Amino acid sequence: MAQAVWSRLGRILWLSCLLPWAPAGVAAGLYELNLTTDSPATTGAEVTISASLVAKDNGSLALPADAHLYRFHWIHTPLVLTGKAEKGLSSTIRVVGHVPGEFPVSVWVTASDCWMCQPVARGFVVLHITEFLVGDLVVTQNTSLPWPSSYLTKTILKVSFLLHDPSDFLKTALFLYSWDFGDGTQMVTEDSVVYYNYSIIGTFTVKLKVVAEWEEVKPDATKAVMQKTGDFSASLKLQETLRGIQVLGPTLIQTFQKMTLTLNFLGSPPLTVCWRLKPECLPLEEGECHPVSVASTAYNLTHTFRDPGDYCFSIRAENIISKTHQYHRIQVWPSRIQPAVFAFPCATLITVMLAFIMYMTLRNATQQKDMVENPEPPSGVRCCCQMCCGPFLLETPSEYLEIVRENHGLLPPLYKSVKTYTV
């Protein structure tokens, strides 16, 4: 293999040295090559590469009428050439790769009578050869959702495996398919197409393992069972359409009373919710309200009404699949608690002020009365002692009464004198 690579490099270097000495009569730079290939391919399968000579200015330049004036040159080592065909101004080759890897294939066009002349056009393509099966896992559903990899729950999905084998290398092989749908369901089939229905929302990965077996005749005329495998997967996002919005909340409320509505969405999040109060139940127009992102299937909406009247909550919700509208009527009555709320503090304040005024008035009146009844307040310790402690310091009650009469001369005598007559 190393010798073949060095041989190819030597040939390219040799051509690069000879090209500058080629005549310039050929229309170099006016044409280009369009290359197509059916790569990637599995090892042992044929790969087709085609090259077509076209004008660079998208067709305004006329192509040569005689196709025999030009010749195509290919370099495809270490790939094995299995076929070559030329028709008009195009050339096609078929090659086979027996080891996996990335392999460049080069092609250029020269005048047919001067293959060492400067190329009219050149190009190259890289072939991808793998030891595994080549194919695609395709998921389809009878819906027209504009979002890639998004599908509906409770709707049949068609999952297909499309084998990429343009050379029919595996036309005699038997295939076995092992499916894993990512929700715990697994199955093994001999058919490359299955139908499945997801009942829950979420993101799932469908995994498929393909095994191909066939018989191959060896050079010694013996038969051997050959096998190739391949692993494929596809990511699916299962969504639910919004079937409606359930609104839980009062339909009658008073002003200045906080109201809470609970919105239950019958669909899969994430959602975009928008609402607005209107006199009538009419759908919301675009840009009429501010959208709110909701990551669950429930949302609480709060509002306080200041004016009585009839209102309607216009609610709109949407996810990446669908949208829906809902309405909720509510009547707002004037609040009965509102006057009492303002009157009670005022009445309390007035009552406190009146009580304080009455207290101060009675206090001043009591002080003035005491001053009138006692114009000359007693002085010294003697008066205080006589008034307060007299009954305890005097020996007899008669002495206490005499002292009282001295201090209160205006009081009448406590008893009248008794006269005694002797006959």
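Any Cβ shown, glycine's included, is placed from N, Cα and C.
Small disclaimer: the values here were computed from a predicted structure and weren't measured.
Screening ASN58, ASN300 against Swiss-Prot annotations picks out ASN300 (annotated as N-linked glycosylation site). Comparing ASN34, ASN364 with the features listed in Swiss-Prot, the residue bearing the annotation N-linked glycosylation site is ASN34. When ASN142, ASN197 are compared in Swiss-Prot, the N-linked glycosylation site annotation sits on ASN197. The Cβ neighbour count for ASN197 (N-linked glycosylation site), using a 10 Å radius and every protein chain shown, is 10. Secondary structure at ASN34 (N-linked glycosylation site), taken from DSSP and collapsed to helix, strand or coil, is strand. The Cβ of ASN34 (N-linked glycosylation site) lies under 8 Å from the Cβ of ALA51, SER52, VAL54, GLY123, each of these being in the same chain and 6 or more residues away along the sequence.
For the domain 'PKD' (147-233), the number of residues in each DSSP class (helix H, G, I; strand E, B; coil) is 0 helix, 52 strand, 35 coil.
ASN300 (N-linked glycosylation site) and ASN197 (N-linked glycosylation site) have their C-alpha atoms 33 Å apart, to the nearest angstrom.
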